[in-house]
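So the structure is just underneath, and the comments pick up after that.
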Amino acid sequence: MGPVDTSQRLARLRELMQERKVDVYIVPSEDSHQSEYIAPCDGRREFISGFTGSAGCAIVSMSKAALSTDGRYFNQAAKQLDNNWMLLKRGFENMPTWQEWTAEQAEGGKVVGVDPSLITASEARSLSETIEKSGGSLQGVQENLIDLVWGKKRPARPSEKVALHPIEFAGKSFEEKISDLRKELQKKKSAGFVISMLDEIAWLFNLRGNDIPYNPVFFAYAIITPTTADLYIDDEKLPAEVKKYLGDQVSVKPYGSIFEDAKALSQSAQKKSDGDASTSPSEKFLISTKASWSLSLALGGEKNVEEVRSPITDAKAIKNEAELEGMRACHIRDGAALTEYFAWLENELVNKKTVLNEVDGSDKLEQIRSKHKHFVGLSFDTISSTGPNAAVIHYKAERDTCSIIDPKAVYLCDSGAQYLDGTTDTTRTLHFGEPTEMERKAYTLVLKGLISIDTAVFPKGTTGFALDAFARQHLWKEGLDYLHGTGHGVGSYLNVHEGPIGLGTRVQYAEVAITPGNVISDEPGFYEDGVFGIRIENIIIAKEVKTTHGFGEKPWLGFEHVTMTPLCQKLINPSLLTDGEKKWVNDYHSKVWEKTSSYFENDELTRNWLKRETQPI
C-alpha cells in the first residue's frame, strides 16, 4: 500500500492543538488497554500517518511530523509515509528516540499533549521527565484529538458477543484462577487488582470474544479483591449462558463505569489512610505496569497504587497440561493444512503454470485451514510474500497492489490460526525453481539458528535475552543479522503475541526467566532489502530435561517443538550442516510424516509432496 495524503488531516489536527494550547501531540499505536493488535476504531496512529504496521508512535508539532517504528517495519514505513512525515528508525545510531525528538520539539516551554488512556503511568512519568529537561511539559488531553479529526468516518466500537471457553481446553476453572490470584494479592498485602489487559481478562474468566481482529478478546475491565470479583463489560455482550456461568460469584457492571468506581476506591483508600503521609501496602491497589495513565490517575496515582508485572500475565504464560495438549494437537492439524497448501501451490505454479498473486495464495490457505477441527479464524494477517516482498518483515499483501507469485523466486509464508484448543504461528520459506547459492546459504544459516534454539539446554533462571544469541551466532559469523526478535510468547486460543517471555534483546526478556510450560516461537531470519527474505518459524514448549551432571542441583530446561510442517529441502545446503544438525532435520521430518501423513490417505498430490519433502538429507 502506497502513501496516503495526510495534509488535510494534519492541518485539522494542528487547528485542534492550537485551540487547546498544545504545541506537540503524541499519537501512540495502542488502545486504552495497551493492546498490540487493536480494533479498527482505535487505529488512530494509522489514520493520522498512513502507516499500517502494528508498532510505532506518531508525533506531530505545529511544523513537523515524525513516525517512530522498529526494524520490522522500516521498509514498510518508508513506502507508506508521505512527504509530511520523517521516519525515526528505532535503535539506529545517531537517530533520536521518539521521546528525545518530542523533547526537542518542546524546547522553550512548549506543551506536549497525549491522551492519558493510551500510555502507561510509567511511560507518562518517564516522558514527563525527558520533556521537562528541555523546558517543556507533558499534559494529559482527555478528549482524543485524532477522534475529532476522524469524525463520523471513525469505525464504531465493536460489541460482539462473548463466548465460554470450555474447561476441556482451558484446563482450569475461573474460580480456581481467581482463588490463585487472591493468594498473590494476599502475599502482596494488597486491597485488590485492577485488570485492564484484554487477554488477561479473557484468560481469567475463561471467556473469549471477537472485538479485535485475530485476537479472541473483548472490551472489558475487572477488579478482583479478597472478597469480590467485578467484571466491567457492556451488558449486551453477555449471552444468557455466560451470565448464568458467572453466577453470583462475579458482579457484572457497565464497561464505562470503571473510572467512576476506581475513583470511589481511591477515595475510600484515602479515608482509610486517616491523614497518614502514605497509604499502607494493605490499602493499595495493584495495577499492571501496562495499565493506562488515566486508570492510575483515577485510582489516586502512586499514593494508592502499586504498579507490578501482572501476576495474571505470569500465570497465563505457564500453560497447564490441557493447554499444552491442545497446542500439540492444533499444530498437527495446522501443519497438515500448510502441507496441503504448499503442495497445491507448487502444483499450480510449476505444473499448471497458473498465474496466482500473493492474496490468491493467502486466501487458499485460509480456505484449507477452515476445514480443520476447532478452527475459529486466523491469528494474524497472513504474510504471503514473493521475491523482494519477502524482505519486508511484516509485509501485508493487498489484492489491488500485490505481486504475482514468482516460481523462480523465494516465497515466504508466515501464517497462523486460532483453534479452540490453541493458537498457531508458523513461517516457511520455499523455492519452486532453482535458488541461488546465496539464498541456500542464508536459508541454511537461519535453519542452523533455529536448531540451536530448539536443541538448547540451559539452567533454570535463564532468560530469553540470554538465549537470543544462540539463534544469531551462525549469521554473525558471516557478518549477517536480522532486525527483529527471535521469538515471542504464544497464547492458548488467545493472542499470538503474548508476554512476558520471549527470545530477544527487549528489556522485558531479560527480566523473566524461561519456565516449563512456556510456549514460544523460534523464528530467526535474514533479509536482503529489495532481493529476498528468509524466515523459518517453529513453536516450541519449554520443559525440564535430564542432563549428565545437573550442576548446581537445580532443574535444567530444554524445548519440545510442536510445529509439524516440512522444511524446504531445495533451500538446504547440507554441506553447511554438522552431522548433528543433519540428524535433527531428518528426525524432524520423520516426525512430521508420522504425525500428518494420515491426513492425506485420499490426497495423492499432497501425500507425494510430503513424502518428497520429508526424505532424509
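Every residue, even glycine, has its Cβ placed from backbone N, Cα and C.
Keep in mind it's a predicted model, so treat the numbers as computed, not measured.
Under the heading Mn(2+) 2 binding site, Swiss-Prot lists Asp414, Asp425, Glu537. Annotated Mn(2+) 1 binding site per Swiss-Prot: Asp425, Glu523, Glu537, in sequence order, evidence recorded as similarity to another entry.
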Note on Mn(2+) 2: the CB centroid of Asp414, Asp425, Glu537 has further same-chain residues inside 8 Å, namely Ser415, Gly416, Thr426, Thr427, Ser521, Glu523, Arg535
Students should find that the Cβ of Glu537 (Mn(2+) 2 binding site) has, within 10 Å, a number of other Cβ atoms equal to 23
What's the CA-CA gap between Asp414 (Mn(2+) 2 binding site) and Glu523 (Mn(2+) 1 binding site) in angstrom, rounded? 10
Filtered by Cβ under 8 Å and at least 6 apart in sequence, the residues in the chain of Glu523 (Mn(2+) 1 binding site) near it are Thr427, Leu450, Thr486, Gly487, Arg535, Ile536, Glu537, Asn538
Once the chains shown are all counted, how many other Cβ atoms turn up within 10 Å of the Cβ of Asp414 (Mn(2+) 2 binding site)? 25
Restricting to the same chain and to sequence separations of six or more, state which residues have a Cβ under 8 Å from that of Asp425 (Mn(2+) 2 binding site). Ser379, Phe380, Asp414, Ser415, Gly416, Val490, Val496, Ser521, Glu537, Ile539
Using the Cβ centroid of Asp425, Glu523, Glu537 as the reference point for the Mn(2+) 1 site, which residues of the same chain not in that list have Cβ within 8 Å? Asp414, Gly416, Thr426, Thr427, Gly487, Ser521, Asp522, Arg535, Ile536, Asn538, Ile539
With H, G and I counted as helix, E and B as strand and the rest as coil, say where DSSP puts Asp425 (Mn(2+) 2 binding site). coil
